[in-house]
């Protein structure tokens, strides 16, 4: 029952109720980092991925690059960025963007390439321009794949943003790292639980989105992937 | 609808199951999971390190001495000095450097997973007894002998001291005429103070009681305290006096007339069961030769010239006839 | 930091042996968990494809596991695995690998069209022979795809173990950071990426050997 004791200790400790170390503030910091990182990653990766998927040029190169980028260790990027750029939000953003961009890039490429070629040809045949085909035909049919990519990226970013605390940045990682340093296990456990809850919450959000926000033809069926 | 309900139910179930697993798994260990005394699985650590010091092994010359170090370069350097001094006397050594904070290491020493740690006597005493009042080296060591559990001991202290300090940038010091911690009285309410994560819980009350200081905010700046001072994220920072960043970033350690930061002699903290007379003598010989100026010079080579701690340690031992 | 170059090349030259040692240590920390994860995922995946009701709660649990920050898991497991030991890093990595590999295994086993399965049964294949001759080979491309993701993630995550004293090349990040010395950090990042690349190539090669049809299929894609 220790887990429950630690968690109740953590959530009832007044130190976590107000000020910069309050749970609300740390959750907010965590979401802010994660959201910003996802935003930048989207702007960088999605248009590029759509274009590459549409033209079919450089797909192999992009897949290889994305694979290599996934291997970049967050701890390494975060320490390097702090040494080069100082302790500020950039130091947390760079590695998180590097983490989120590859799955988004691959999802965009795969999604567009997954469009039925006959449909694309038909769209060209009725006189749509290339940008129109990409926007009106390929993008909707790529939406489920893209959304799955966003889901992966979001969960990874939320879980990994924890490491930013090592270099003195905020977010829920503070609880994990400070708890370890001061041997207050309740704090580490509480921080970890909050991260998990955020990640699970994000997953639920994405299953809702894929259920309701997608174009009707692209909603996942019984065995949608 | 049904799909979502199922997904959500599955996710909730998952969370509960994970928690339950954690609860049963952790339930068996009892108490503080980072603590030493109850750590049954120390067997894992012990078998890896080849010693059974925690289970009352007599620690003859056949057993391996595990030298640990905290997660900052000077402690790694000191660990390396200890480890190589022991090796030079034929003691079998395993190194576990850069592991964590004192809070973590102390538990590992108690459980016998570690045998020797480079410690700072004053900081160790403050950790063991928050109300300790000793400030001189002699008083601190006398108090330590009483505060340590029977399984642990400190060996001879070296003259080398690495004290905590409250430091400010040269600019801040000039602007407000700061020379001593006492000069902060007027400004503390506007200053953010930075230090390692454990700094606040260790020191906040002390600064209030001794100097009447209440800072605006405490930031856990960890290893980045000096950088944060330079970048202006904090105005006051807890920086060690032998930290080369003091020179690199032009920081000014403030004087501490009321001795909030007492003696901080580099001192080996050991688990007695894992150490024989040869090993003890080797560590005491190191303490006899190590002084603050020497340590700072070594630290400059490690942190500024980027030489390997093990190389620097070897050179020092050689030039002092210990290697 | 101002005068510090991003890479001091001579340091790399002086430390080749040291870097090689850390690289080997890193591979030994990061890769066995992936293999163990596969050994667990195969029977578990098989059970899940036979008893679909098992799969959803199990994958939900693993989804949660995947979302737990690695550092927290390392810390949680210290009392059981010891501080700075191999196990303290490898046990959590095994769980992460399993979280990736179980869904891909199940997908792979489901990839055999029902008609093919029935045809194999009609030809007199028993369940085990059908598994070995039809279902497992069909799952190979999925398994390899899962292994690639799991291996790369494991190689990257193992470095976080440095925060509890055992992280292979991750030690370079902590060491370099504490001494404001970017060279070891850069070396660590490059070596980790290189290790991941080599492992990835080996896995792709393995897929070509074990399932040559999958390559053709992919090469001839739309």
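Cβ coordinates are placed from backbone N, Cα and C, and glycine is handled just like the others.
The structure displayed is predicted, hence computed values, not measured ones.
Residue ranges A:68-87, A:128-147 are listed, and TrEMBL annotates A:68-87 among them as transmembrane segment. In TrEMBL, the transmembrane segment annotation falls on A:37-56 of the listed ranges A:17-36, A:37-56. Just going by CB pairs under 8 A, the stretch in A:68-87, A:93-112, A:157-177, A:189-209 that sits most against the transmembrane segment (A:37-56) is A:93-112.
A Cβ distance under 8 Å defines the sequence-distant neighbours of the transmembrane segment (A:68-87), meaning residues of its chain 6+ beyond its ends; these are 94-96, 98-99, 101-103, 160, 163-164, 166-169.
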